[in-house]
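K.L.:
Sharing the features that TrEMBL gives for it:
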type     : residues : note
COMPBIAS : 18-31    : compositional bias 'Basic and acidic residues'
COMPBIAS : 43-52    : compositional bias 'Acidic residues'
REGION   : 15-73    : region 'Disordered'
REPEAT   : 138-179  : repeat 'WD'
REPEAT   : 191-223  : repeat 'WD'
REPEAT   : 233-274  : repeat 'WD'
REPEAT   : 275-316  : repeat 'WD'
REPEAT   : 316-356  : repeat 'WD'
Amino acid sequence: MSSFFIKKKVISAAPNKGDLKRKSNADDGKGRSKKFSKRMDEEISSDSENESADPNRKQQENEDDEIEETPQEKKLRLAKLYLEQLREEEDKKAEQESFEADLIAGRLQDDVLEQKGKLQRLIAKELIAPDPAEIRLLRGHKLPVTCLVITPDEKYIFSASKDCSIIKWEVESGKKAQKIAGGRKGTEARHVGHTAHVLCMAISSDGKYLASGDMNKLIMIWDPMTCKHLYKFKGHRDAVSGLAFRRGTHTLYSASHDRSIKVWSVDENAYVETLFGHQDMITGLDCLSRERCVTAGGRDRTVRVWKIAEESQLVFHGHEGSIDCIQLINEEHMVTGGDDGSISIWTVNKKKPVSTVKQAHGSHGNTGLEQPYWVSSVAALHNSDIVASGSHNSAVQLWKCGQGFRGLEPLFSVPMTGFVNSLKFSNSGKFLVAGVGQEHRLGRWWRIKEARNGIYIIPLKRQAQEQEVVQ
């Protein structure tokens, strides 16, 4: 113990060569340690740089570590994904089926309301008066246009005239597609077509048949696509003044100046039956999808609803003069016009008009001897609140029906010179077509020389979407 302390004192007092050597070795060890530490720091920083330079590899390694799973776990995971996809597809399919079901239900409801005559689309307030520059005149007839029809697809218009011809027009281009020429009187045996004034036309709802009637008591059936003559119906004893196909069928109703209505089956090229009741020549006829038709009785001043299946008729009174035109608005309501200058709205539930506008197109003549302008044509956009009327006061007038078809309010008028002998709305309501001539379709009481014989296509534009109400 004592020697240890002595030695320590000696070492601290005078270091020898061995001590200096050990110290030198220690210093060398420290240097080597510093160099090793520095080298280790460089290696670590180099590894860090490599890791930061390639993070994707590290992420991939981590993902590989995480994705490592057994075959059973992989099967389970894929099965869950497949079930999830099936569930999503089923949800989408259910949503689509629900949407289609709602759409079909809405259409069925509209069909039911339409059959009951309670569907009224309120679009009158959205109509904009057309720019006169947008109205097109199509000319091709030599004499006044008496009647016209629009094909269900709205691509073509057929017009007929006192020149005995029928012209097929393209709506988009305004060009003549085809023409069925009229023949001269006395050439009936060899001419395929009309040889007398054509007074009325009708086209089936599927566009398969076109019917036309003339002053020679004949009804001709045509193929609208080719304008080929198919059949000729004989039976009326005077001029055929009205034609209409029952919607969804090929049953044809015809009215005549012989005061009768006849029913025909065009598919079978056959006559079915005759209905009597009017006391004067029938001037107009219309029909929709029910097994019934409506007629205007001219100077017997009656409107009649013919229930074909029940073999009965309803008689309505209201005009003060001859009723010259009639059109159904829906299955329960109709509009008429007459030479007393008035327009009336009717419902099948009342014997009198629910609404009447007198002198709808004004009057003419000297003071104290004024006469109303005759209403020579009416039209209605089916299941809506819009009707139109024509006269020879240089304008076509559009009207708005009130709620429940009570009341008529003028919307706007479209300038048009001549007798407006026929008016038709397209099914979509995008345009209105007017057949115009220098003379009235049923006679030659006046002649307007400055008028042009032809058809006018009037575009109807709307501001916003239509609304529907149930009456």
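Placement of Cβ uses the backbone N, Cα and C atoms for every residue, glycine included.
Please treat TrEMBL annotations as automatic predictions, because they have not gone through curation.
Owing to the predicted nature of the structure, the values given are computational and were not obtained by experimental measurement.
Are these features on the surface or tucked inside, and what touches them?
P.N.:
Same-chain residues lying 6+ beyond the ends of the repeat 'WD' (138-179) with a Cβ under 8 Å from its Cβ atoms: 193-203, 205-207, 210, 212, 214, 222, 224, 227, 418-419, 421-422, 424, 426-428, 430-431, 433, 435-439, 441, 452-457.
Per DSSP, the repeat 'WD' (191-223) is made up of 0 helix, 16 strand, 17 coil.
Residues 199-205, 208-209, 211-221, 280-291, 293, 295, 306, 308, 442 of the same chain sit 6 or more residues outside the repeat 'WD' (233-274) yet have a Cβ under 8 Å from a Cβ within it.
Taking DSSP states H, G and I as helix and E and B as strand, the repeat 'WD' (275-316) has 0 helix, 22 strand, 20 coil.
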K.L.:
Within the same chain, where does the repeat 'WD' (191-223) have neighbours whose Cβ lies under 8 angstroms from its own Cβ atoms, ignoring anything closer than 6 residues to its ends? I mean 6 or more beyond.
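P.N.:
Answer is 146-153, 158, 160-162, 164-166, 180-185, 229-234, 236-245, 247-250, 252, 254, 256, 264, 266, 285, 441-442.
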K.L.:
For the repeat 'WD' (138-179), jot down how many residues DSSP puts in helix, in strand and in coil.
P.N.:
0 helix, 22 strand, 20 coil
K.L.:
May I have the DSSP-based helix, strand and coil counts for the residues of the repeat 'WD' (233-274)?
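P.N.:
Counting residues per DSSP class in the repeat 'WD' (233-274), I get 0 helix, 24 strand, 18 coil.
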